[in-house]
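Taken from Swiss-Prot, the feature O2 binding site applies to ARG44. Sequence annotations record features per position, and here Swiss-Prot assigns Fe cation binding site to HIS48, GLU54, HIS92. Annotated substrate binding site per Swiss-Prot: GLU54, ARG96, GLU106, in sequence order, evidence recorded as sequence analysis. Positions annotated as divalent metal cation binding site by Swiss-Prot: CYS121, CYS126, CYS162, CYS165.
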Amino acid sequence: MLGPPVNLPKWLEENSHLLKPPINNYCVYNDDFTVMIVGGPNARTDYHINQTPEWFYQYKGAMMLKVVDDGVFRDIIIREGDMFLLPGNTPHNPVRFADTVGVVLEQRRPEGSIDRMRWYCQNPDCTPGQVVHEASFHCTDLGTQIKAGVESFKTDESLRKCGKCGELADWCPKPGSILDPNKA
């Protein structure tokens, strides 16, 4: 049986307490497509890589999508009312700021597909794009698996140490290290 439509403003009024760090997401639908409502702020430094595209719609405020595009690190600002389709296999780190809300749509992962969470060395003197740690898994529950990966990286310093320069990678962005486009 089909469920009723979701009224986003009403849902947020009644359920915004469900958007908890470090990911701040809640899966509204989780069938052939996963539809997540995502609030800010979040606190993560990983770059997620999945084999299927992701669709972003920014309902309130602006977000920053940090990506690695053909080996180049760059930031894409998705403003209130904007939508953006991220191709599969693109390393990305969604940065959400306080009092912002977006909707993200992802395909159910095909059998045998592998998601990855990758952390890069943040030391400017190290090799650009140096991977500190990468976790791989078949994603069946976006609501819990990404959060578990972030928590694992946070609590295990051995995962955070760069094998090339020895720098300890941050598990969350340092305060003030990312400029909020909502305040520009």
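Glycine residues also receive a Cβ, built from the backbone N, Cα and C atoms like all the rest.
Same-chain neighbours of the Fe cation site beyond HIS48, GLU54, HIS92, judged by a C-beta within 8 angstroms of the site's C-beta center, are, in sequence order, TYR47, ILE49, ASN50, LEU65, LEU86, THR90, PRO91, ASN93, PRO94.
DSSP assigns GLU54 (Fe cation binding site) to a strand segment in the three-state reduction. Here the candidates are the binding-site residues ARG44, GLU54, GLU106, and by Cα distance the one nearest CYS162 (divalent metal cation binding site) turns out to be ARG44. Annotation for CYS126 (divalent metal cation binding site): spatial neighbours CYS162, LYS164, CYS165, GLU167, criterion Cβ-Cβ under 8 Å with sequence separation of six or more. Long-range C-beta contacts of ARG96 (substrate binding site), restricted to its own chain and to partners at least six residues apart, with a cutoff below 8 Å, comprise ASN24, VAL38, GLY39, GLY40, PRO41, ASN42, MET63, GLY102.
A distance of 14 Å separates the Cα atom of HIS92 (Fe cation binding site) from that of GLU106 (substrate binding site). Each of the binding-site residues ARG44, HIS48, HIS92 was assessed for Cβ neighbours inside 10 Å, and the highest tally belongs to ARG44. The subset of binding-site residues (ARG44, GLU106, CYS121) lying with their Cα within 10 Å of the Cα of GLU54 (Fe cation binding site) consists of GLU106, given in sequence order.
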